[in-house]
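What TrEMBL records for K62, K86, S359 is substrate binding site. Annotated active site, proton donor per TrEMBL: K98, in sequence order. Per TrEMBL, site 'Important for catalysis' is recorded for D138. As annotated by TrEMBL, NAD(+) binding site applies to T181, N212.
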Amino acid sequence: AATNRNFRLASRLLGLDSKLEKSLLIPFREIKVECTIPKDDGTLATYVGFRIQHDNARGPMKGGIRYHPEVEPDEVNALAQLMTWKTAVADIPYGGAKGGIGCNPRDLSKSELERLTRVFTQKIHDLIGIHTDVPAPDMGTNAQTMAWILDEYSKFHGHSPAVVTGKPIDLGGSLGREAATGRGVVYATEALLAEYGKSIKGMTFGIQGFGNVGSWASRLIHEKGGKVIAVSDITGALKNPNGIDIPELLKHKEATGSLKSFNGGDSMDPNELLVHECDVLIPCALGGVLNRLGSIAEHLGPINYCVVCCMENAADVKAKFIIEAANHPTDPEADEILSKKGVIILPDIYANAGGVTVSYFEWVQNIQGFMWDEEKVNQELKKYMTKAFHNIKNMCQSHDCNLRMGAFTLGVNRVARATILRGWEA
């Protein structure tokens, strides 16, 4: 609903033809497959897999594959559409797609996961491809999952490293991919703060979520002289007004698997992190955590952790800037409250695009058969993130809108232009 709402607002600002608007919303193709595999105990189990291919006007479709018990068509559809706008905002030549299998990866052994991935690939191999649709890891999947997809796909089509991104380095994965989303968040933050004559150095940060994105963002902010004064994840939350020693916290988390009992900060209620006093708030975990309505626990699956306020929290946010590293962390109602308070929100559609941008670099390297060093990957990422921010600012000025609508109008306008140029009514 939120994705459609933002799209409709953007298309109104752009003055799109109603027929074109409708055609941009309708997915290109929806795939549903039954994946039956033998379990380790000899019994058979069936799982439902999906792939929604939203739009290919600007290039091959691109998007993650998630393994999660609550994978269902509506969610996958919204995420596929979001990828269409996100790739357009970043100005990389892709459209949007998303996929998944309704399963709990924690309940499956490694060999069962491999069999499931291979059966899923067998069912969709003729509908994905280097120039058609390029999957990537998402919730519940990783580089190993991509390696299995690559191997199974290559049995049908010959060696095709560019068919998936987020692969292990040994199979053509890109250097810098693991840190890419977190690094992109930091480059986006730098671009935004520069607009206000500020830099990361000396600013205070609250970071919700200390997984891949949150831990990399924290590490890079710490290196640039920013003060991370509060962090939280599924295991707990910490605060230290003088700044948390992030390298030490990373070592502690590596050793114990938890933020608890770290002696470089005081424990705090995870719910408080979102309303903690700081200059910049970076939600890196769940959707809908900044809300106006009551508990959002009913939206969360069993894999997700529940550090959400069971009460209105948007009105109590003290940060001056919010960088949306998670997908859709701010509910539309909360968005309005925060805007009225003068909080500057950098939208997810741009802020977390570092991952798909470096996935694009991986695809380019695989097609060329020529790999880049990590320094080049990071340089190119900074260039793309900075350029995208300035393009969003230009749209904000043209349409007199906030950054979220600036990003949506930029993305939707690019896809609409490509669609018209290709002759969508033919």
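Even glycines carry a Cβ here, placed using N, Cα and C.
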Within 10 angstroms of K98 (active site, proton donor), Cα basis - recorded positions out of K62, D138, T181, N212, S359: K62, D138
Using a 10 Å radius on the Cβ of K98 (active site, proton donor), the other Cβ atoms enclosed count 30
Can you check which residues sit near N212 (NAD(+) binding site), meaning Cβ under 8 Å from its Cβ, same chain, 6 or more apart in sequence, and list them in order? E178, T181, G182
What is the maximum Cα to Cα distance, in Å and rounded to a whole number, among the residues K62, K86, S359 annotated as binding substrate? 13
Look at the binding-site residues T181, S359 and tell me which residue has the greatest number of other C-beta atoms within 10 angstroms of its C-beta. S359
Once K62, K86, S359 are set aside, which residues in the chain still have Cβ within 8 Å of the Cβ centroid of the substrate site? G63, M83, T87, A90, I92, Y94, G96, A136, A353, G355, V356, T357, Y360
Using a Cβ cut-off under 8 Å and a sequence separation of 6 or more, which residues in the same chain sit near D138 (site 'Important for catalysis')? G63, G64, I65, R66, K98, G100
If you count the other CB atoms within 10 A of the CB of K62 (substrate binding site), including all protein chains displayed, you should get 29
Using Cβ atoms only, which residues of the same chain lie under 8 Å from K86 (substrate binding site) while being at least 6 residues apart in sequence? G96, I349, Y350, A353, V356, G411
